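All remarks here apply to the structure that follows.
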Amino acid sequence: MALSWVLTVLSLLPLLEAQIPLCVNLVPVPITNATLDRISGKWFYIASAFRNEEYNKSVHEIQAAFFYFTPNKTEDTIFLRQYQTRQNQCIYNSSYMNVQRENGTISKYEGGREHFAHLLILRDMKTFMLAFEVNDEKNWGVSVYADKPETTEEQLGEFYEALDCLRIPRSDVVYTDQKKDKCEPLERQHEKEKKQEEGEGQHEKKKQEEGES
């Protein structure tokens, strides 16, 4: 399970930020408040392609995955709630990621060190990519995410362009299948609990206001 967050959101190995290939859609840009607003909310992990054999083996274990990004603009962090389906079982975890605005990267501590990935905002407002190890030809990789589990060929166009630029065969792409998702019941339970907590909080606030009046 140590690689679970890697395969959905970030790469296990550190991403060196200097030698990005000269591909238009792989050039990182600074992260702004507008960027954080854009990636806030629910996202589905659609597909990825890795040259690293270990990653290739592991991504085949992910049947479906989705997650929630909740950015904190003041602290430059992102609260991550992640749902993965593996071996027909739902795996849930939550954690915090750091935002490096000027570098255009997001990162997470794992195994005693910080691991980075470049956040790549696409022309399609409903998708984004993360680029992994693009300075290391043996370990190049790209993942794509969308706000819905189903995507069109047009939406995946920039993802395929990135693969072509990195010389990763499109036949190496591993896709998820949201029809195999087993996490929806847990997500509904979490949403129900969240609404109950919010309702109780509002009720308590109302009682305090009435007591002060």
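Just so you know, glycine gets a Cβ as well, placed from its N, Cα and C.
Annotation in TrEMBL places CYS183 in a disulphide bond whose other cysteine, of CYS90, CYS165, is CYS90. According to DSSP, the domain 'Lipocalin/cytosolic fatty-acid binding' (40-179) comprises 24 helix, 72 strand, 44 coil.
A straight line from the CA of CYS23 (disulfide bond) to the CA of CYS183 (disulfide bond) spans 36 Å. The two recorded residues, CYS90 (disulfide bond) and CYS165 (disulfide bond), have Cα atoms 34 Å apart.
Between the CA atoms of CYS165 (disulfide bond) and CYS183 (disulfide bond) there is a gap of 35 Å, rounded to the nearest whole number. Here the domain 'Lipocalin/cytosolic fatty-acid binding' (40-179) returns a mean pLDDT of 91 for the predicted model.
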